[in-house]
Amino acid sequence: MPNMEPTTKEIKEQKIYQEMGLTDSEYELVCSILGREPNYTETGLFSVMWSEHCSYKNSKPVLRKFPTEGKQVLQGPGEGAGIVDIGDGLGVAFKVESHNHPSYVEPYQGAATGVGGIIRDVFSMGARPIAMLNSLRFGELDTPHAKYLVSEVVAGIAGYGNSIGIPTVGGEIQFDPCYTKNPLVNAMCVGLIEAKDIQKGQAKGIGNPVMYVGAKTGRDGIHGATFASVEFSEEGEQQRSAVQVGDPFMEKLLLEACLDVIRDHSDILVGIQDMGAAGLVSSSSEMASKAGAGLELIMDDVPQRELHMTPYEMLLSESQERMLLCVKKGHVEEIQALFERYGLEAVVIGKVTDDKMYKIIHHGEVVANVPVDALAEDAPVYHKPSKEPARYQAFQEEDAFVPVIDDVVGVWKELLAQPTIASKRHIYEQYDYQVRTDTAVVPGSDAAIVRVRGTEKAIAMTTDCNSRYLYLDPEVGGAIAVAEAARNIVCSGGKPLAITDGLNFGNPEKPEIFWEIEKAADGISAACLELDTPVISGNVSLYNETDGTGIYPTPVIGMVGLVEDLAHITTQDFKNSGDVIFLIGETKAEYSGSELQKLQQGKISGRAPELDLATEKKYQQLLLTAIQEGLVASSHDLAEGGFGVALAEATFKAGLGADVEVPFELNQLFSESQSRFLVSVKPENEAAFAKLMELEKVYRLGVVTADETIRVKHKEELVTASTSDLRSIWEGAIPCLLK
């Protein structure tokens with residue numbers, strides 16, 4: 001087949017590089033680095049490696065703000081996943097990854113391959129994946145297309161996770177109009193590792209072979225990384241070839257084989273990395289660059305499943321289920337024999353060199369030869385202009401929204417029927433959350449908990465972000481996202497350790513959006529410092545806009561905590577009638593950005609709820625101490641829908657009721673003030689609990705009752721609701737909306 005690729009002259013004169021994603025100034029920079037004009041393959045390499053998705057060129061200045069260190073950190077940002085220490089020589093590896101753009105175009109495969117990619121990131125570190133979580137955003141469930149997206153995304157996550165045998169144990173889903181054409185699909189994987197097995201993605205040692213393992217390379221997903229770095233338009237729907245197709249059974253074999261190599265052949269393994277965004281070029285150039293080495297790759301040896309593939313296509317393909325290994329010279333057969341046992345091919349496709357060049361050979365000719373650091377490290381970094389949006393000042397100055405509630409129980413029922421609040425059982429029942437049999441707390445409580453085999457420990461995990469608060473005030477909202485994640489971990493009996501962040505924003509070239517990114521990072525950083533949860537991994541997804549309409553700022557916080565003893569595991573539901581109910585924290589009239597404001601006004605506006613990080617930290621530490629001392633029967637964080645929703649949720653599982661008198665007016669039942677916890681305590685532990693909390697704003701409200709009735713009293717006012725009525729509304733809402 002004759003080569004139909006454009007010449008260097010055509011690339012320059014017709015500005016073909018622009019179609020590939022390079023700006024004029026970036027193209028000039030490539031020319032000056034090379035001392036010549038790049039050919040088509042080289043232009044492709046730079047365009048994809050310098051995309052935002054691979055280089056973080058627009059977000060690097062912001063990412064530098066994050067605290068990334070702590071005594072618990074074994075591996076910070078920069079590798080496939082971050083790792084924290086949980087004692088006993090064990091670590092937990094975790095990371096969140098977005099697959100937003102592909103999931104709009106091809107929701108089943110987009111979501112499935114998002115799951116596959118994040119699993120590879122975790123096992124490339126040497127960790128065995130033990131759990132998956134996800135954080136999803138969709139538009140309102142009032143159109144057939146919205147329902148289709150939800151059904152297909154959930155089916156894709158379930159199809160991949162269930163097949164590979166990793167439990168999907170938790171997550172969150174929110175519905176807002178801004179996500180109608182920009183759904184967000186963020187997947188998080190958590191793995192367990194012996195600290196001695198931690199791997200690096202590096203290719204070093206002159207002459208050491210580089211091996212390609214796993215599925216063959218096809219034309220799927222070419223320019224997936226560039227596709228994720230531009231705004232959507234209606235034509236974007238046509239870009240299906242940029243969406244990859246996944247095979248979870250192949251991935252299961254790959255996972256076991258790679259962990260085998262790491263466990264039993266670590267002496268001959270130099271480095272290992274997943275082929276993710278930007279495929280082979282990204283994994284290979286990063287591995288060489290990190291080691292200060294060069295690489296020579298022979299494209300003829302890359303396993304191909306389609307005919308006449310060009311070097312450009314092979315290097316940029318994002319075919320799934322592929323890994324790159326660097327091994328010591330003389331041990332290729334040993335590695336090949338191991339992979340053969342799993343029915344996988346392991347092929348030498350190149351070697352490490354000492355000239356720091358990235359050299360690509362095809363049919364005996366050099367088709368690309370560029371400095372490896374130029375690809376992997378030297379992408380230009382942009383300090384984008386930042387400008388406060390007009391809405392921010394308007395929200396700050398606006399009179400606070402005060403709801404009019406004539407019928408408290410009626411509003412209560414309406415809130416429980418909102419899809420963001422309603423039970424997600426219909427969704428998570430499609431996931432296998434018990435496979436591997438270590439899931440101690442299943443979906444539906446504040447955090448998921450997975451036991452650590454052979455110890456008395458467990459790992460608590462959650463994903464959180466209320467993007468409405470970030471729309472009102474990205475700095476406060478960013479801090480609240482971290483605080484809420486930590487609250488969920490603490491309520492479950494865990495000590496928060498670290499976070500991974502999935503930063504989903506609109507187009508960074510708009511100064512108002514870049515301002516959102518900066519402010520959100522400031523808020524996240526402040527909360528991480530106060531709560532001692534460094535950022536150890538993450539992902540940035542920008543350009544979440546379609547036809548000029550962007551999403552709310554949505555930095556998803558994935559957090560992991562350590563439950564030091566299985567006896568500390570705590571869930572949100574009341575356990576026994578007669579238990580005493582307490583509220584930790586103060587309730588104010590804070591409705592801006594709340595589920596109630598959205599319900600009554602059809603929009604959100606005003607000042608975000610206040611967050612005092614010192615108070616947050618103090619309450620979290622007190623509650624965790626109370627749980628560890630065995631004083632707490634149940635605990636639940638107050639989030640969307642405030643006290644009213646939390647109280648109802650606590651009664652549902654066991655079919656109990658509650659008889660409480662609250663220290664605030666009844667229309668504040670649905671206020672979303674921060675730093676609050678609903679706790680129940682056995683009568684015999686009441687005195688000890690009260691003593692521990694005695695100097696704080698902690699209120700004894702009443703007791704859990706055996707009848708299925710919730711009674712809430714304030715002064716002379718009393719409202720009464722049936723637990724079973726509320727529960728049937730809460731459980732029935734999403735199945736009904738998805739019909």
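Just so you know, glycine gets a Cβ as well, placed from its N, Cα and C.
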Site-mate of Ser98, His99, Asn100, His101, Arg120, Gln244, Glu318, Ser319, Gln320 for substrate in Swiss-Prot, selected among Ser525, Ser537, Ser541:
Ser541
Same-site ATP binder from Gly21, Gly126, Gly477, Gly538, given that Swiss-Prot records Tyr56, Lys95, Asp501:
Gly538
For the binding-site residues Gln320, Asn539, which Cβ has the most other Cβ atoms within 10 Å, all shown protein chains included?
Gln320
Please give me the binding-site residues out of Ser98, Arg120, Asp121, Asp274, Gln320, Asn539 that lie within 10 Å of Tyr56 (ATP binding site), comparing Cα atoms only.
Asn539
10 Å Cα neighbourhood of Asp274 (Mg(2+) 2 binding site): matching recorded positions from His53, Arg120, Asp501:
Arg120
Quick check for the class: what is the C-alpha distance, in angstrom and rounded, between Asn539 (Mg(2+) 1 binding site) and Asp121 (Mg(2+) 2 binding site)?
12
Considering only the binding-site residues Glu97, Asn100, Arg120, which residue has the minimal Cα-Cα separation from Asp501 (ATP binding site)?
Glu97
Quick one, of the recorded positions His99, Arg120, which Cβ has the fewest other Cβ within 10 Å?
Arg120
Quick one: which residues besides Tyr56, Lys95, Asp501, Gly538 have a Cβ within 8 Å of the ATP site's Cβ centroid, in sequence order?
Leu63, Pro77, Val96, Thr500, Gly502, Leu503, Val535, Ser537, Asn539, Val540
